[in-house]
Ligand code: GLN
């Protein structure tokens, strides 16, 4: 007889042998997922025997994880700001840093009826979380992306969160947004430098290319964004961005050059200048 605990032990050893970091946590999450349990429920059932029809799909997931398929893709879900989102290869896997961006935005002085644009929405985590947190204060959320697949994923996430009235726009940055104005534009645009490509983990390479890279210095899209953003903001509007670890000074100058005021680049938990927030008068 194989118990839940035997399965976890054996799977952990397998994942460790494949060089997976945090092997035990990965394995526990996969077993919990397979059995439809949460983490606490799993601990309560360590002695429970596992049936072959439960083990077979688990072996399949384990093999994929050993081949460096991201855990989040195998679980099909990810937690972000205390909510669950569908997660698959159609959109970037939400990162914990982006939760910090949400927190910073919620501290800003936003108008009572806020029109929000999430540009490069991917899975929708940023915009949808803001809409959920701002509740009545969010008058309209617009999620925009160049990838139709990402927009479909964001749409599914909006439906799961029961967020009605979200607008989805297929566009390359602001191209299809002529004449529109927002109070807040939040964007976690692709910012990885081409030169960083060799240092990315195999897991990261499962994210869509389009969601990661942005030219030699990673700033192609952010440069375009800074040049165009003010035309899509109401007076007093705010931009809030996430950027790469070497890009703080560049973003500060780009935003100042385009007439933004109160330009601040907030640090993330690791002390990296990561989140530029700026206003337009
Ligand atoms: N806005 C999404 C996120 O923050 C997607 C970002 C992206 O694809 N670069 O996770």
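Using N, Cα and C of the backbone, Cβ positions are placed for all residues, glycine too.
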Practice item. Check TrEMBL for me: it has 120, 121, 122, 123, 124, 188 binding S-adenosyl-L-methionine, so pick out which one of 145, 149, 164 it puts in that same site. Key: 145
Revision key, fill the gap. Result for ligand 1 contact check over binding-site residues 120, 121, 122, 124, 145, 188 with Cβ cutoff under 6 A is 120, 121, 122, 188
Study note, to complete from the structure: When the binding-site residues 121, 123 are compared by other Cβ atoms within 10 Å, fewest goes to 123
Point to revise | Near-site residues: S-adenosyl-L-methionine, ref 120, 121, 122, 123, 124, 145, 188, CB cutoff 8 A to centroid | key: 91, 92, 118, 125, 126, 127, 143, 150, 154, 211
Review point. Which has the fewest other Cβ atoms within 10 Å: 120, 122, 124, the binding-site residues listed?
Key: 120
